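Chemist: Pulled the feature table from TrEMBL, pasting it below:
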type: TRANSMEM; residues: 24-43; note: transmembrane segment
type: TRANSMEM; residues: 49-68; note: transmembrane segment
type: TRANSMEM; residues: 75-96; note: transmembrane segment
type: TRANSMEM; residues: 102-120; note: transmembrane segment
type: TRANSMEM; residues: 127-148; note: transmembrane segment
type: TRANSMEM; residues: 154-173; note: transmembrane segment
type: DOMAIN; residues: 294-383; note: domain 'Histidine kinase/HSP90-like ATPase'
Amino acid sequence: MSTGTSRDQVAEVFGRALTTSMRWGAYAALGPAWLMALVSAVMAGGPEAWSAFGVLSASAATLALVVLRPSAWGSALHLVVGGVATYVVATLVLTAFPLPGFASTILVAVPWLVIILAGTPRTRSSIAVWWAVLSYLVGMVALGTAIAVAGLPWVVNLPATIAFALVLTVRVYDVRNLHSGRRQAAGLHRAQRVVREIAIRREFEARATARLHDTALNHLLALGGRGSGPLDPALRSAILHDLELIVGRDWSEEARDPGPSALQSAVSVAQRHGLEVRVSGTPEALDRLRPETSEALRDAIAQCLVNVADHSGAREAEVAVATDGDELTVAVVDDGSGFDPAGVPEDRLGIRASVRGRIEQVGGQVQLWSTPGVGTTVLLAVPGAGR
């Protein structure tokens, strides 16, 4: 699985470049040997020279197959042909030059080098590592057999061994780098999932806090401040309405019940608290917002009006609605007692959770102006008015 990160891209490019460079190295080793075999066959003739030219040609053909049409069977065929070519070429060379240590030269190891460098189609896996080991073992058996046929003592072919060590080192590094990248990608995905879960949990906690403040806490304050006697009908109606919202449902979610428009719902809440509300501007614009934005704005306006009814001493408030491009603004204004915003304790939830928190969750902003003895203005701005 690709993570799309720069590390993955670099590793992928490195793997392709590694395979390409090694296969060009195989061609570079095979080309001169094939040309020498062709010249020898033409100049000297004889079945031995033509057999060397034939096996080197077959090795070149299977190498081209591996490069142009990568497949497991193509790589296996090239490995077999390369092993046979290693035996034939080594036998011919060692028979012609039965010198001690000659089996350690590159002349007898060209086909062997080719199968080591050619690799396998699955270049970025542990198979590539084991394929390099298998290629070395096949060549070693072929050369060892040729040495025995020539009656020479066993020696290690240094060019092939050095090439194998280099290929094995690079392959192991590439595979370990790939596995490390996958582990890091998995860790990154887990971290992203945890971050998303935390964000969702915080969002639901904020919704639950706002809903709790709007319902239970407000009603408890109202009940605690009214004294004994029967409940006021308006308060009773408000309590029953809010109980319908929180009983028998996941009340951490915003209510999505159909009914009056968003602004009418907010005004109805204020009227249940005994507040008269004047509406001006373009209130119908609220109902063109996205559902989640409309609901957040409705509940924030309702809480602003409840704050006016419960804390300002004013009996009237004004709600002014306006649109400017894609932005919708609502101003809630009262001429009540006002307050000092800087003096509001941090643990007070009214403006912070029920108003500012809701509006910011849908990408909006809240501004508040209030002066003791003058009144309060709360400006709510949300996007989506032009949709």
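Keep in mind that glycine also has a Cβ here, set from the backbone N, Cα and C atoms.
Small disclaimer: the values here were computed from a predicted structure and weren't measured.
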Chemist: Please give the sequence-distant neighbours of the transmembrane segment (102-120): residues at least 6 beyond its ends with Cβ less than 8 Å from one of its Cβ atoms.
Modeler: 19, 22-23, 25-26, 29-30, 33, 55-56, 59, 63, 66, 72, 75, 78-79, 82-83, 85-86, 89-90, 93-94, 127-128, 131-132, 135-136, 138-140, 142-143, 146-147, 150, 152, 154-160, 163-164, 167
Chemist: Report, as numbers and ranges, every residue of the chain located at least six residues beyond the transmembrane segment (127-148) whose Cβ falls under 8 Å of a Cβ in that stretch; write 'none' if there are none.
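Modeler: Residues 75, 79, 82-84, 86-87, 90-91, 94, 103, 108-109, 111-112, 115-116, 118-120, 154-155, 157, 160-161, 164, 167-168, 171-172, 174-175 contact the transmembrane segment (127-148) from elsewhere in the chain.
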Chemist: Give me the mean pLDDT over the domain 'Histidine kinase/HSP90-like ATPase' (294-383), rounded to a whole number.
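Modeler: For the domain 'Histidine kinase/HSP90-like ATPase' (294-383), the model's average pLDDT rounds to 86.
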Chemist: Is it possible to list how many residues within the domain 'Histidine kinase/HSP90-like ATPase' (294-383) are helical, extended or coil according to DSSP?
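Modeler: Helix, strand, coil within the domain 'Histidine kinase/HSP90-like ATPase' (294-383): 34 helix, 33 strand, 23 coil.
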